[in-house]
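What TrEMBL records for A:35-507 is domain 'Cytochrome oxidase subunit I profile'. Annotated transmembrane segment per TrEMBL: A:34-54, A:74-97, A:109-132, A:195-219, A:239-262, A:274-294, A:314-335, A:356-376, A:396-416, A:428-448, A:484-508, A:538-559 (among others), in sequence order.
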Amino acid sequence: MSEAAVKSTDATTEDEGGIYLDQFPAEAKVIRSALYSSFLALALGGLFGIIQTLHRTDIYRFIDSETYYTVLTAHGVFLVITFTIFFLVGVFTWAVTTSLDRPVEDIRFTWLWYGLMSLGTVMAGGAILAGFTDATDISADVLFTFYAPMQAHPLFYAGLVIFVVGTWLAGADWFRSWWNWKQENPGERIPLPTFMVLTTMIMWYIATLGVATAILVFLLPWSLGLIDSVNPTLTRTLFWFFGHPVVYFWLMPAYMMWYVLLPKVSGGKLFSDPLARVVFVLFLLLSTPVGIHHQYLDPGISEGFKFIAMTNTMFLLLPSLLTAFTVVASMEHGARQRGGSGRLAWLKALPWRDPVFAGMALAGIMFAAGGFSGMINAGMNINYLVHNTLWVPGHFHLTVGTAVALTLMAATYWFMPQLTGRDLWNRSVALVQVVLWFVGMTFMTNAMHRAGLLGMPRRTAEPQYEGFEFQAGVGSVAELDAQIAIGGALLAISIVLFLTNVVLTAVAGKRSDLPDNSYADTLSGPEDSPLVLDNLKLWTAIALVLVVFAYSLPLLSIVERGGLFGPDVTAFPQHIQFVASMAVSVVGDSLATIDPVSSLAQFADTTIATLTGVIR
Amino acid sequence: MRISGGALLVAIAFTVPIVVELRTILAWFGVQISVFEGLVLGLALIAALLVYAFWPEADDSPDASSSS
Ligand code: HEM
Ligand SMILES: [Cu+2]
């Protein structure tokens, strides 16, 4: 960006009021680009979502089952990395500039990190999409968890690293703004939105140390052929060191919207600023030391460490319950300001017609349901029942797929006018869109949870095996499949409506009087919160200590047992042909001689044949 | 209208989870119903909502047999 743009933002910060575009024109441009990148990812992810839904329910198939892993990888990566994180950097930039009331320090730096994130996305996304064609041998069918020994093209890992470095610089941008603001405003409390951004970013810096190590030290050199093998348990553990906190990285922008925007659109004030700060500090402290709860079924980590992770996980319920309380209290305050009364009748006074409000409220309600299935996942013993079944996608389509995605879509209806100066193209379509998402997710996730309870696996194109029937408690498996497909279709329609509204707002939205850029006031403000809450150094130190406690012993014992570079593990795409044919000749033939299990052998045959194809 | 159009839409959306899980809940009490019967019950629920929403404000005795 040019110098001139920087100057022009400087000039406008003095004026109070106005929409964001008028206050910070240069920043509005970056944020718009970030949001558009995010929506592009949503469009792609949604497309792959409906393809795989129709395929695995066997309702309509037009891809080979071997391609399913490519589709699923693209779905996962585009939605939970690209869509969410591009949106986050946009919202966080808005939050910092608005609440500190100052432009970014150097807009060229801001464009730099946006550029790095885009470059990383093109590299990693390109590697995934290249898996659809045989023209190159580039592919990255490793799912968003990229577990070794599945191996992706180096382009994929390098892309991820560059993307993450982009987010690091984005964080540096916001810290720099805050630091300079602090010098000019000594003794002032950090405004709440900036506080949320900073605590979230500290968590992110700590968490990404895990993936950065996994990729830079192990996976990337391994895919480049510089080292022969890796220790799968080690890289998996490093992944989940980051993999749990990344969940909060998706959630934090949604929480921020619930705290600073939802009370405002409800017509009231945020119930408590101090409580909101406590919640963000708790997430900073607790989100990293719990990652092992994704590894309850991993061999090579002792039960004791898993048990500690479980206990810590249960503590994480606290900030979510605090959020539920604060948000509902703020909504009730809003409703009563609008003339609502009665014990429950106040609900009627809420602005249900407003898609920003309705979308966020529905997202919050779905999140409560997701919280319950999350508690099931978190329990070490009961996790064995649902592990790697369709229950798990059922759970996270409620959390990241709805609580986060729907909140971001609803927030978009507020941000688009702020960033473009144009009114939303169609408010009723927006309302129908958010309601459709709610209904679609109800169908899809309900059936996924129930299919999971029957033991139906996730991450497979062929969940139905020959000669084996899943037994549904109530209803039938066909009915569950139908529900998943209906839900998926409604979601796809919802995404189309959303994108249509965004595009038409950008090109055809009318210019009219728009509400000023601002966020919710508080009933109990920062002056009521103890000073220690703003002591970021203290919280960072405690967070680091907790991480060391939680991870040093497990990591040591993993390395002790498996070696830093593992027992000689062969990479998956290269050698699967060999492994699979070995398996067929050894297992397949010997099983085929025993009559009662001959169908099993047949199943082994077909699975292996599929596997061989999948991982070309 | 006793509630806004938006609120009505959301309220109808809310009956969906209930309709979807109605059969499971009823099965809990030993009542087995088919998908079709569940659907009919759901539609009845939505009809009741519509009647409530459109019932004139002054009249306080909703009569489910006629809708406005
Ligand atoms: C049109 C909307 C969507 C549809 C139809 C859809 C459908 C599905 C289905 C059926 C699966 C399970 C596939 C399997 O395990 O075999 C899945 C997986 C997944 N979905 Fe979605 N989904 C949608 C939107 C979303 C959104 C908005 C997000 C997140 C923001 C999301 C994140 C994921 C993730 C992370 C996985 C797991 C990928 C993996 O196992 O590696 N989905 N989706
Ligand atoms: Cu987790």
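Heads up, the Cβ atoms here are built off N, Cα and C, so glycines get one too.
All annotation found in TrEMBL is predicted automatically rather than curated by experts.
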Same-chain residues near the transmembrane segment (A:109-132), Cβ under 8 Å, at least 6 residues beyond its ends: 1, 27, 30, 33-34, 37, 41, 67, 70, 73-74, 77-78, 82, 85-86, 89, 93, 138-141, 152-153, 155-167, 169-170, 173
Annotated stretches the transmembrane segment (A:74-97) and the transmembrane segment (A:428-448) touching (3 or more Cβ pairs under 8 Å): no
Any contact, the transmembrane segment (A:239-262) to the transmembrane segment (A:314-335), with at least 3 Cβ pairs under 8 A: yes
Sequence-remote partners of the transmembrane segment (A:195-219) [C-beta within less than 8 Å, at least six residues beyond its ends]: 92, 95-96, 146, 148, 151, 157, 160-161, 164, 167-168, 171, 174-175, 178, 227, 230-231, 234-235, 238-246, 248-249, 252, 255-256, 259-260, 276-277, 280-281, 283-284, 287-288, 291, 534, 536, 539-540, 543-544, 547, 565
Non-local residues, at least 6 beyond the ends, that sit with Cβ under 8 Å of the transmembrane segment (A:484-508): 39, 42-43, 46-47, 49-50, 53-54, 57, 59, 409, 412-413, 416-417, 420, 422-426, 429-430, 432-434, 436-437, 439-448, 451
Cβ pairs under 8 Å between the transmembrane segment (A:274-294) and the transmembrane segment (A:538-559), at least three: yes
Same-chain residues near the transmembrane segment (A:314-335), Cβ under 8 Å, at least 6 residues beyond its ends: 255, 258-259, 262-263, 265-272, 275-276, 278-280, 282-283, 286-287, 290, 346-347, 349-350, 361, 364, 368, 371, 375, 378, 520, 523
Segment-level pLDDT (mean, integer) for the domain 'Cytochrome oxidase subunit I profile' (A:35-507): 95
For the transmembrane segment (A:538-559), distant same-chain residues with Cβ under 8 A (at least six beyond the ends): 199, 202-203, 206, 231, 233-234, 237, 241, 281, 284-286, 288-292, 300-302, 305, 308-309, 312, 532
Chain residues outside the transmembrane segment (A:34-54) and at least six past its termini with a C-beta under 8 angstroms from it: 60-63, 68, 71-72, 74-75, 78-79, 82-87, 89-90, 93, 114, 117-118, 121, 405, 408, 412, 415, 419, 444, 461, 484-485, 487-489, 491-492, 495, 498-499, 502
